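Notes for the one structure printed next.
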Amino acid sequence: MSSNDSNDTDKQHTRLDPTGVDDAYIPPEQPETKHHRFKISRDTLRNHFIAAVGEFCGTFMFLWCAYVICNVANHDVALVAAPDGSHPGQLIMIAIGFGFSVMFSIWCFAGVSGGALNPAVSLSLCLARAVSPTRCVVMWVSQIVAGMAAGGAASAMTPGEVLFANSLGLGCSRTRGLFLEMFGTAILCLTVLMTAVEKRETNFMAALPIGISLFIAHVALTAYTGTGVNPARSLGAAVAARYFPHYHWIYWIGPLLGSILAWSVWQLLQILDYTTYVTAEKAASTKEKAQKKVKPAVPLLWLKSNFPLLFFISRSLALNVIIFGKN
């Protein structure tokens, strides 16, 4: 075996996969058996720990920033007389806070743990087989603990009561709230699947559309449900506020159903093998355009071929006009 082959083998043995896609990696010299996929090696435990730390730090950073911004936005005296009211300025501020917070948090920790930062997103990734079920459970625990920690930290660091907890408003019923949470989460999870899981040249920019989708979800839902779309966010805020409404379950069931709905749409596209047909259609269109040569119009060709004759005739006419004009 050459030295290069030896170095490659050493690199394979020490390879870690913090995103969880390659949890069950088996060294080449060990034949795979039915027991290997259930075996937990030291490197696998280390990978899970790295992912747990990444998800905790990313979720904490995201939710702490969002909670504080939401608290500032909701400390408006205009809401004292109308607690169910909603001001466009406040909605935009809250939406920007959550959208930009999740955007930079994903960019920071996507390379460490995948940057799900949301149990509903983690479920979609698990259903899409982007992460293993074990990694999904690890991410869930880290995200939920981070949500409670972020809620406690935001509550302790800011004066006044906690105003970032989720609650129904504008007369929204529990059933409507459930479906709003489901569809809002489905938009977010589908954005993750289509921009981060699908292999594209723009994968490195996935945090941008994900942040925009969360921004849009907050603009649409905040007045009605307070915009959960993230069980860790809803639980952390409820713990900080010590307020668990009897309909708190909609902030869990709704996002999880939305996660499954998003995966169903994504899975349908995979069954249809849309990438193959879209690529073939684009290639055919490009080939057709290349085969079409741009030809000048017929009048232009005639003028070009008869230019000397036309020049002689026009010159003769001009001279005749001049001669007759003098006469």
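Each Cβ is built from the backbone N, Cα and C atoms, and glycine gets one as well.
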Based on the record in Swiss-Prot, is it correct that ASN71 and VAL239 are on the same side of the membrane? yes
Return yes if the transmembrane segment (249-269) and the transmembrane segment (177-197) have at least 3 CB pairs under 8 Å (sequence gap of 6 or more), otherwise no. yes
Looking only at the topological domain 'Cytoplasmic' (270-327), what is the mean pLDDT? 67
